[in-house]
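S.K.: Here it is, the structure, as structure tokens.
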Amino acid sequence: MDKLLERFLHYVSLDTQSKSGVRQVPSTEGQWKLLRLLKQQLEEMGLVNITLSEKGTLMATLPANVEGDIPAIGFISHVDTSPDFSGKNVNPQIVENYRGGDIALGIGDEVLSPVMFPVLHQLLGQTLITTDGKTLLGADDKAGVAEIMTALAVLKGNPIPHGEIKVAFTPDEEVGKGAKHFDVEEFGAQWAYTVDGGGVGELEFENFNAASVNIKIVGNNVHPGTAKGVMVNALSLAARIHAEVPADEAPETTEGYEGFYHLASMKGTVDRAEMHYIIRDFDRKQFEARKRKMMEIAKKVGKGLHPDCYIELVIEDSYYNMREKVVEHPHILDIAQQAMRDCHITPEMKPIRGGTDGAQLSFMGLPCPNLFTGGYNYHGKHEFVTLEGMEKAVQVIVRIAELTAKRGQ
């Protein structure tokens, strides 16, 4: 465990922010830097079958140290950080023995407050790693990367019985492309766990069904003084579209298993406007209904427009709820829960109000629930992780490997 914090701080010092709307994978050069560093560290650690694909998927194998028909299992994390907030020049703060109250983030007015983030009340006495208020931290998912690397070092340096352990580090998870170029057959695991969750004890096997909705609106611009009966204001049409979307079904008004419509961006002029929504729902039927609703709204608002003016709507599914694939293999969850209990952690089964690479991988034939990392408040300046939570994640990874070996012997 002595190098866990050192690894994490090294990884977050590299800017690996991914970029949406880019064809190449990985979408940024910074991700390659971390992937090459990890490849070198895996080689130095003595892992075998190390490959780094042209699409930035890094895979490696820790050979089994016991005989028997033991299934090969995998652990996966992503190297990119969210494009939602800057990941450049990350300057972590280490708060040892947190005693409660506000934590100043850097030298400005930014604070990490238990008033806004009550979970801090549960973390008294722990070591917190925060931002300086200018960037995100990158615990999502460099905490997971550091935890997997540290677990490998523990397994390599101690006589803990384990079968073949596969590890993978993927790019562009935050922009939904991480798993698209993942070769499940080459990876060679019967099942895997992404290490990409939140607080200690989280074990997730349900996630949103997800789709993106891109709307292009073409209007007609003329001088406002002579516009009657001629102007078609694309911005006004955009406003009408959003007014038809249920206001009480937005991210800021939903929780738990509730789905939502989210207007992520909107830009334009009188002549042309663009809107980008994301749709999320755990229930497949409700998910399909939400997509139909968006089409109906576009038809309603676009009815009767001049032939040269139009509303174009494109819906693209991003990923689906992995529950249906994971529950076919209950032992995957049983082992993870037992590993947590053995590490004195109460498993907390909760739905992911988002997605992970594991969701896509589960539909590609690799059942892949999600383990906690010990991090909180991802994608922004209030992101932080606890050192104790990271250490617990390492213990759980190691224990999963050990329990899987016992199961196969």
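Cβ from N, Cα, C; glycine included.
These numbers come from a predicted model, not from an experiment.
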S.K.: Per Swiss-Prot, what member of Asp15, Asp109, Asp183, Asp196 joins His78, Asp140 in binding Zn(2+) 1 at one site?
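M.R.: Of the residues offered, the record points to Asp196.
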S.K.: In Swiss-Prot, the Zn(2+) 2 site includes Asp140, Glu174. Which of His344, His379 does it also list there?
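M.R.: Between His344, His379, Swiss-Prot records just one in the Zn(2+) 2 site with Asp140, Glu174, namely His379.
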S.K.: Between Asp80 (active site) and Glu174 (Zn(2+) 2 binding site), what C-alpha distance do you get in Å?
M.R.: 7
S.K.: Rounded to the nearest angstrom, how far is the Cα of Glu173 (active site, proton acceptor) from the Cα of His379 (Zn(2+) 2 binding site)?
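M.R.: The separation of the Cα atoms works out to 13 Å.
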S.K.: List the Cα distance (Å, whole number) between Glu173 (active site, proton acceptor) and His78 (Zn(2+) 1 binding site).
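M.R.: Cα of Glu173 (active site, proton acceptor) to Cα of His78 (Zn(2+) 1 binding site) measures 6 Å after rounding.
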S.K.: To the nearest whole angstrom, what is the C-alpha distance linking His78 (Zn(2+) 1 binding site) and Glu174 (Zn(2+) 2 binding site)?
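M.R.: So the alpha carbons of His78 (Zn(2+) 1 binding site) and Glu174 (Zn(2+) 2 binding site) sit roughly 9 Å from each other.
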